[in-house]
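> I'd like to ask you about the structure that follows.
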Amino acid sequence: MIIIEDQDGFDKVLAEAGDKLVVVDFTATWCGPCQSIAPFYKGLSENPAYADVVFLKVDVDDAQDVAQSCEIKCMPTFHFYKNGKKLDDFSGSNQTKLEEMVKQHKGQA
C-alpha cells in the first residue's frame with residue numbers, strides 16, 4: 001500500500017500504474033468508519049489475488065490538495081482508476097462492496 005502525501009505523488013502513481021487498477025482509500029484518523037475498514041483494506045492490498053492492483057491511502061488532512069481535486073465530501077471514499085481515468089467510486093465502510101468493486105474493475109480491460 002502506498003501512502004499519498006500530495007497531488008504530485010498522486011499524479012505520479014497514477015501515471016506509473018498504467019493499465020493496472022488503482023484503488024484509492026480517502027481516509028481520516030478521526031473518522032470511525034475509516035478506522036473500522038482500514039484492516040480489511042490493508043488485507044486486500046496484501047492478498048496475492050490482487051498483486052497486480054495498486055492500493056493507495058490518502059489522509060484527507062495530510063493531503064488536502066488531493067482530497068480537494070478529487071472532490072471528496074465524506075470518508076471513507078474509495079476511487080477506482082485505470083490508465084489515469086476514474087472508473088468508479090463509492091463512499092462508506094462496506095467491506096463486501098469494496099472487494100466486489102476491486103474484482104469487477106480488476107477484470108476490465
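We count from 1, first residue shown onward.
Backbone N, Cα and C atoms are what each Cβ position is placed from, and that goes for glycine too.
So TrEMBL says this about it:
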type	residues	note
DOMAIN	1-107	domain 'Thioredoxin'
SITE	Asp25	site 'Deprotonates C-terminal active site Cys'
DISULFID	Cys31-Cys34	disulfide bond
ACT_SITE	Cys31	active site, nucleophile
ACT_SITE	Cys34	active site, nucleophile
> Write out the long-range same-chain contacts of Cys34 (disulfide bond), meaning residues 6 or more apart in sequence whose Cβ is under 8 Å from its Cβ.
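Non-local contacts for Cys34 (disulfide bond): Asp25, Thr27, Ala28, Met75, Pro76, Ser93.
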> Are there any residues at least 6 positions away along the chain from Cys31 (disulfide bond) with a Cβ closer than 8 Å to its Cβ? List them or say none.
Met75, Pro76
> Note down the number of other Cβ atoms within 10 Å of the Cβ of Asp25 (site 'Deprotonates C-terminal active site Cys'), including every protein chain shown.
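Other Cβ atoms found within 10 Å: 24.
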> Taking every residue in the domain 'Thioredoxin' (1-107), what is their average pLDDT?
94
> Going by DSSP, give the three-state secondary structure for Cys31 (disulfide bond).
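Going by the DSSP assignment, Cys31 (disulfide bond) belongs to neither helix nor strand, so it counts as coil.
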